Amino acid sequence: MKKLEERILRDGQVLGENILKVDSFLTHQVDFSLMKEIGQVFAEAVKDAGITKVVTIEASGIAPAVYVAEALGLPMIFAKKAKNITMTEGILTAEVYSFTKQVTSTVSIAGKFLNSDDKVLIIDDFLANGQAAKGLITIIEQAGAQIEAVGIVIEKSFQDGRQLLETAGYRVLSLARIAGFEKGQIVFTEADI
């Protein structure tokens, strides 16, 4: 998605060898008009897949996932990172390691929101080592639902997340794919959509 790549180049900050800070439009402050376009692009890419639910993980995946769900006219579910006292039964859980935060969290979704009839589109803000997506896949599979695709706003293609997901048989759709950071500059490779 050319507009997203341009925004990353303009407002993204490279931190070290493998971190991209995009807090001015995605991971802290949200540019809703860009998120709306992102939602429309993902929706167009999966319009014939029979998707019934959009699933993400809190927190930065929520904004793009809401707009994807809106564009598809479907519910969006987000996995919670903290146990909530109102979530008391039928909880689906998985362990997820955060590359950026360097911590492992138990994420959960109430089982009543997913079932074996569902066809799921996973949406997340970043794909690095694939652990967030892997955790969501575990939860979705616990419900007996089918994963149709994993939609990623920004993929760090120089890390092994895509390979992990594709080797497991999942379709990955990334809007912006970063080949690497060279001397503090962002280098893109061809995106999926």
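Backbone N, Cα and C atoms are what each Cβ position is placed from, and that goes for glycine too.
These numbers come from a predicted model, not from an experiment.
Per Swiss-Prot, the features are:
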BINDING   L20, T27, K156  xanthine binding site
BINDING   A128, N129, G130, Q131, A132  5-phospho-alpha-D-ribose 1-diphosphate binding site
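With respect to their backbone Cα atoms, N129 (5-phospho-alpha-D-ribose 1-diphosphate binding site) and K156 (xanthine binding site) stand 9 Å from each other. For L20 (xanthine binding site), the same-chain residues lying six or more positions away in sequence with a CB closer than 8 A to its CB are I8, G12, Q13, V14, F126, I154, K156, I178, F181, I186. The distance from the Cα of T27 (xanthine binding site) to the Cα of A132 (5-phospho-alpha-D-ribose 1-diphosphate binding site) comes to 15 Å. Residue annotation for xanthine gives L20, T27, K156. The furthest Cα pair among them is separated by 15 Å.
Annotated 5-phospho-alpha-D-ribose 1-diphosphate site A128, N129, G130, Q131, A132; additional same-chain residues within 8 Å of its Cβ mean position, judged by their own Cβ, are Y97, F99, L127, A133, K134, Q159, G161, L164.
Taking Cβ-Cβ distances under 8 Å and a sequence gap of 6 or more within the same chain, the neighbours of Q131 (5-phospho-alpha-D-ribose 1-diphosphate binding site) are V96, Y97, S98, F99, G161. Within 10 Å of the C-beta atom of G130 (5-phospho-alpha-D-ribose 1-diphosphate binding site) sit 27 other C-beta atoms, taking all shown protein chains into account.
The xanthine site is defined by L20, T27, K156, and by the 8 Å test on Cβ atoms against their centroid, the other residues of the chain that qualify are G12, I19, K21, V22, T100, D125, F126, A128, I154, I178. Under the three-state DSSP scheme, L20 (xanthine binding site) falls in the strand class. In this view, the densest Cβ surroundings among the binding-site residues A128, A132 belong to A132, judged by other Cβ atoms lying within 10 Å.
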